[in-house]
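K.L.:
Copied straight from TrEMBL:
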- 39-57: transmembrane segment (TRANSMEM)
- 69-87: transmembrane segment (TRANSMEM)
- 93-117: transmembrane segment (TRANSMEM)
- 137-160: transmembrane segment (TRANSMEM)
- 199-222: transmembrane segment (TRANSMEM)
- 289-311: transmembrane segment (TRANSMEM)
- 323-341: transmembrane segment (TRANSMEM)
- 410-429: transmembrane segment (TRANSMEM)
Amino acid sequence: MERNLKNVLVISFGFLLLFTAYGGLQNLQSSLHSEEGLGVASLSVLYAALILSSMFLPPILIKKLGCKWTIAGSMCCYTTFSLGNFYPSWYTLIPTSVILGLGGAPLWSAKCTYLTIAGNSYAEKAEKNGKDIINQYFGVFFLIFQSSGIWGNLISSLIFSQASAKVEISEENLACCGAYDCMTDTTNTTGPAEPSNSLIYTLLGIYTASGVLAVLLIAIFLDEIKSDQAETEKEILETPSFWSTFLATFQHLKDKRQCLLIPLTMYSGFEQGFLSGDYTKTYVTCALGIHYVGYVMICFSAVNSLCSLLVGKISQFTGRKLLFALATVTNTTCIIALLLWKPHPKQLALFFTFPALWGLSDAIWQTQTNGLYGILFEKHKEAAFANYRLWESFGFVMAFGYSTKLQVYMKLYILLSVLVLSMVTYGAVEYLEAKSSLGTPTATKKENVGPLTQEIHM
């Protein structure tokens, strides 16, 4: 096998193992650790640490350690989060969340840098176009990586379904599920009995082992960047320099269009945070039991991945405006329905319908917003995407931060308000672009967004 392709597969399966563990664990935080909101508080802290990490750590660590050992070290940060869940408390989960958040940005930056260098290296030897090879490598990576959402959630559901004791859900307890929740810990009193410590430890043991295997896979089988590629790595990391990129992130806010896109970017964090933090706990765990969380999130992940592929192709014919309109209508319909719906175990299909529709809209938000940034800010991509990561992470922090303080119906109203504001400001951006195009007749229009690599936030 061609060595660069072997390295791509090693990274891909390493990330698959790592995020099989992290993805499944993230979706269970609000249900497993609902006391005093510990689970969602840990996620809020995690994304806050990710913001700081994005600003400072990636260039420094990659330059000092190289891509391989930055990836391996950052994976260790993720594994500590699994260990912290064995004895959940404010003194274990919060520090391990900070560690994971700090490792998140270097992990993804090092992966992107490594695949870029590997692609350029092979293209040079084979006398092919570098961009084509890099796109192929990223395609292989995401093809393997995106299935992690299925495996991690499947493992959790299969293990928790082993709980032998079943509890009949009373109508009184069901009244505390849904939009008008009772702001109490419904996990322990409704649905199948709370999973035993042995089942929880079994799940955490599997997740931890998966993370350790990911680290070993990278450490043993991933080749370090060769000496003749060192200059390429140096150029990637130093052009532009760290400080110029850091300052450019905030200087980019002088662009009116970037400021107008902040609500849309934050909404991406809000809507993902609601699904993984509130829907899984207040609707699924409350009415069906924690063992259904994995199955429901598998539905979301599968639809999201499929639609991400389809949206990239469809956008060539429809343009981004119609797709944004579809996502808006879909999300608005779901929010209104969630406000009115009283979840009941007899309505099993509905528990899967909402995450499926959410997966459709999220696929549009991710692919088209990333594409929009790439098109509008073609000459300042680094600063633009740094702002994208910053404001989306800020949306996650806010969504998880107020999760335990407000009833679900209030969160849904906030979500709807941010969505409406996002569409108003996005419309203003499209108006400015149309006005600019009219003023520059020779400008080439770039309305359609081709297939895009979906950015994974953690």
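The backbone N, Cα and C atoms fix where each Cβ goes, and this holds for glycine too.
Automatic, uncurated: that is what TrEMBL annotation is.
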K.L.:
For the transmembrane segment (199-222), could you work out the same-chain residues 6 or more beyond its ends whose Cβ comes under 8 Å from its Cβ atoms?
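P.N.:
Sequence-remote neighbours of the transmembrane segment (199-222) are 6-7, 10-11, 13-18, 20-22, 24-25, 32, 68, 71-72, 75-76, 78-79, 82-83, 85-86, 152, 155-156, 159-160, 162-163.
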K.L.:
Can you name the far-off residues of the same chain, 6+ from the ends of the transmembrane segment (289-311), with a Cβ under 8 Å from a Cβ of it?
P.N.:
23-24, 27-28, 31-32, 146-147, 149-150, 152-158, 160-161, 163, 187, 190-192, 194-195, 275-276, 280, 323, 351-352, 355-356, 358-360, 362-364, 366-368, 451, 454
K.L.:
Who are the long-range neighbours of the transmembrane segment (137-160) in its own chain, taking Cβ under 8 Å and residues 6 or more past its ends?
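P.N.:
The answer is 4-5, 8-9, 11-13, 15-16, 18-25, 27-28, 111, 115, 118-119, 192, 195, 199, 202-203, 206-207, 289-295, 297-298, 300-302, 304-305, 308, 453-454, 456.
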K.L.:
Cβ pairs under 8 Å only, please: of the recorded stretches 39-57, 93-117, 410-429, which one is richest in them relative to the transmembrane segment (323-341)?
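P.N.:
The stretch I would name here is 410-429.
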K.L.:
Near the transmembrane segment (39-57), which residues from the same chain, at least 6 beyond its ends, have a CB less than 8 A from one of its CBs?
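P.N.:
Sequence-distant neighbours of the transmembrane segment (39-57): 26, 28-33, 81, 93-94, 96-106, 246, 249, 269, 273, 276-277, 386, 389-390, 393-394, 396-397, 399-401, 403-404, 458.
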